Amino acid sequence: MKYLKILIIVTIFFFLLINVINCIDRKEIVQKEVKIKFKNLKSTLIKKYSESNMEKIQKHLKHILVERVADTPNHKKVREYIISQFDQLYWDIELDSFKDNTPFGEKTFTNIIVTSKFVNDDDEDDIDTKESNGNISSEPPKTLVLSAHYDSKYFKEFKFFGATDSAVPCSMLIDLAISLQSEIKKSKKKLMIIFFDGEEAFKEWSDTDSLYGSRHLANLLLDKKVITKDNEDLPISSSFYNTVEAFILLDLLGTPNPRFYMFNKKTESLFKKLSDIEDKLSLKRFISPKANKYFQNHFIGSDIQDDHIPFLNYVPTLHIIPYPFPNVWHTEKDDESCLDKNTIEDLSKIFKIFVGSYLI
């Protein structure tokens, strides 16, 4: 009996110790500040990324701009189309599939996670990176995360296509990834693109009926490790979240004259970078004349619920969403007819130059 008590006490001690260690490890990734240094793109690349690309985006929209409520046949077709657009020579594709309870019963959700590869790198989780002096760096490659949701909201009363919400953002991200493949191939940094499932509520928005995919993936990535090697070829494990420099979410894009504001002081420098790129492209007349500036250099408090929320405590987040929302939001008018080609092209150019400046 005496030994049994000792065994129980020792077991409880080790259980508590492990939990304390886990808490310490998780606290290390909370409240990160953005410290990204962007490089200036050559004029040839700026011109390349400023070329008209609406035809390519429309090609993607043709496949995505359908009713695509989570766990339906159309939804599966859209998922398969998105996956098919990423060349596996350049990208690793992971699917995060899981089941969750909804007001309409148990549903299956699938997040799509696409991550750029290094040249001749077959294993993302076992990476060697060389410094200029020839030594192997023990630092894992830094990662920029871009994201949007690919499901559409269920409405009993009408067919909802969700052009801005978020067929256009998904199409823009696919086009961006393909356009930047040559820069991605040479970059020492990683680009991760996440297509979230289950952003929309099936009935009324709540903590349990919304953000199904992002809530699941945010917790899953807490345990993800990136393995690098030191100069003695010994493995070093780092938390995935410690490698993420910023998490950017696109939503409700495509209607004319959107205005974007800063919602998060921690990513103010990223927002200002987008604003500066817009100004430079406007001066060069690479984007269309417009009534107002897209990226307004003003901070406003926001409690907008979206797929960035589950990641707030782990990585710096930048939420790119018009404020106020487009007047077609969650109506049957959020279809192809509400879209403005000039606005979509302009934003696409700005995002490409932003990401290109990060990768080089």
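Just so you know, glycine gets a Cβ as well, placed from its N, Cα and C.
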Looking at the Zn(2+) binding annotation from Swiss-Prot, with ASP165, HIS330 already listed, which candidate in GLU200, GLU204, GLU278 is the matching residue?
GLU200
Taking Cα atoms as reference points, which of the recorded positions ASP165, GLU199, GLU200, HIS330 is nearest to ASP251 (active site, proton acceptor)?
ASP165
What is the interatomic distance between the Cα atoms of GLU199 (active site, proton acceptor) and ASP165 (Zn(2+) binding site), given in whole Å?
10
Once the chains shown are all counted, how many other Cβ atoms turn up within 10 Å of the Cβ of GLU199 (active site, proton acceptor)?
25
Once ASP165, GLU200, HIS330 are set aside, which residues in the chain still have Cβ within 8 Å of the Cβ centroid of the Zn(2+) site?
SER152, LYS153, PHE160, GLY162, GLU199, TRP329, ASP334
